[in-house]
Amino acid sequence: MTTTLIEKEDRREYRATRRRDLAVDLGMTLATILAALIIGFLVILATGKDPVAAYEALLTGPLERSFRVGRWLEDATTLILLGLSVAIPFRARQISLGAESQLYAGALAAAAVAILLPLPPVAAVILPLVAAAAAGAGMGFVPGSMKARLGANEIVATLMLNAIVVRVYDYLVNGPLKQPGSSAVHSKPIQPDSALTPLTDWFGVPLGRANIGFVLMLLTAVALWLLITRTPLGYRIRMTGSNPDFAEYGGIRVPRAIEWSFVIGGAVAGLAGAHLVQGVYGRLEPGLAGSLAFEGIVVALLARNNPLVVVVAGLFYSYLRAGGDIMEQQTDVGTEIVVVIQAVIVLLVTAQALPDLLKRRLIRKQVGAR
Amino acid sequence: MNSVLDVVLSSAFLAAVLRVATPYLLAAFGGLVAERAGISNIALEGQMLSAACTGALVAGYSGSVALGALSGVAVAMLLGLLLAALRLELGADAIIAGIGLNLLASGATAYAVFSLLDDKGGTSGLKSGTLPTIPLPGIEDVPVLGDVLSDQNMVTWLAFLAAPFVAWLFYRTRFGFHLRAVGEMPEAAASVGIPVRRVQYAGLALSGALAGLAGVYLSMGYVSFFVRDMTAGRGFIALAAVFLGGLRPWGVFLAALGFGAAEALAVQLGTLDVPPQLVSTIPYVMTLVALALYAWRRKRRGTGEPAPVSL
């Protein structure tokens, strides 16, 4: 009799802990966003501009017209794919900063297939995507295996690879792949059959360049979530991340798990490159990704590397990006303030001690109340 | 090929190497000091950028180049202290916090320039001047030496003095000894009474100051204005030089100088029909190969730990 009572008590305790942790996590996320918005507000105020008008444009602007919604979804697709791509190695506790090189490799591969190979309709869409994922995976394999097999610092390896691939890409777009006879620098367009279907065709309202890539991105997120939570490989990656010594002791081949986390992440970043080529620009452009690669890291962190939460965080983050552009058009406040807000969010998210402090407070309060 | 040799052996090229290597050297030593203090400083990029922007703005508005340079360095130091505080007080991961600081610097500098000057590109509308160059009387007139060494910016001299300075600091001073001890094994350092946190704060402040000097050089030496995101990844490259140099002052010196030479070469070869983008990948390919070889050797010797997991 007494044992069951204790068990019940234990279970209640456990549930209370889980509820409390979830509440604290959600609360901290909301509080973080709110705090960052307030800081942005104060900065605008300090520079002698009207923060109310600016925030109105920032926060309501993206929803006011359907093509703005399209702009938001298009941006979110690339950003979330990049966020997912780093969330996987992060799960194995690997700081991969290589999303940039993987994206550009993916873009090149997708463009090569979509421009050069004459393919029948459905294959014309799918093969470039496959090629991009493979190229991205290959670009993830290099630093991944260097880390896993040799113990080479993955931060330096991925940064070097970024520097190399971006320059090679730049050379190719300005040189061999430049469309002859065009004054602007870009490649030939992809064949029409390779384009990702615009969402406008489905919904009948103008949604700009938003395309079916958005749906593919959602499917990718769900697939990665299943991979991480429900498969043996996902388990190995998680164990490697939470305690590598224990994982090794438990018979998990840690280097393998690390390598796979890089390869999978790379494939997803490659898809982001394909999305830009097949869905957004329809060709290779210089500086295709802008600063998005690093912002993917922010999204992954904000979501605590949970693939499904990455989608939510990415939607929120790119909403701010889209709103920032509208704010700049409609008011005299520059879009850079959004970057400041985002940076404050990152810095607050990194402050691990804050939620722990809060949790300890709550526990103490509960114990005291009893 | 002859023309390539002509370029490389010209005194103008050697002078250019010194100019181009300056920001890499200073930022790399900034990275080295932080790394040895046990906190990776990936915020070098943001520190350079903030210093470059602050330097140009303050110099432009105050009319004083010295005041501009000093405030630029001061801002970078503050960012170093902020990184240390995030790491030490709030338990932040240094890499992620560093990425956040880089983002902050990129946004804040662009916002500041746009708010003050109504210009999206940079501060070229503001007259802000440059830090003085130093003529070397006597050497000036020596054929090759004079062309290379004379009339270099004062910050370039500081950059080359940074190597012996950091070597002296690390191996000849009490503070340097404490710094290395703290970076290697903080618990042991604390147990013998070294004030671990204070040493780390000081190390990160020094790291920021060096990166700040690199940034100030970009906007007040290299050119006389600030351009948005003008650091262009130099901070990250400097960080690679830190690792490539094996975390030792003279190794880091050679690595950073190598990056500078390669970039100068890429610029020169651009005029000779060799694609500059491809030439400029050489140092990064070399670093990648060196990184792999170094790790492989360490693994084969069995002295390194098996596949260390970071973060």
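The chain as shown is numbered from 1 upward.
Glycine is no exception: its Cβ is also placed from the backbone N, Cα and C atoms.
Sequence annotations record features per position, and here TrEMBL assigns transmembrane segment to A:21-46, A:72-90, A:102-119, A:125-143, A:150-169, A:210-228, A:292-317, A:337-358.
Most Cβ pairs under 8 Å to the transmembrane segment (A:72-90), among the stretches A:21-46, A:102-119, A:292-317, A:337-358, belong to A:292-317. With respect to Cβ pairs under 8 Å, the transmembrane segment (A:125-143) is most closely packed against A:102-119, considering the stretches A:21-46, A:102-119, A:292-317.
Residues 24-25, 27-28, 32-33, 35-37, 39-40, 43-44, 54, 58, 295, 298, 301-302, 317, 320-321, 323-324, 327 of the same chain, all 6+ positions outside the transmembrane segment (A:337-358), place their C-beta atoms under 8 angstroms from a C-beta of that stretch. Residues 94-98, 100-101, 104-105, 107-108, 139, 142-144, 262, 284, 288, 293 of the same chain lie 6 or more positions beyond the ends of the transmembrane segment (A:150-169) yet place their CB under 8 Å from a CB of it.
A Cβ distance under 8 Å defines the sequence-distant neighbours of the transmembrane segment (A:21-46), meaning residues of its chain 6+ beyond its ends; these are 54-55, 302, 304, 316, 333, 337-338, 340-342, 344-345, 348-349, 354-355, 358-359, 362.
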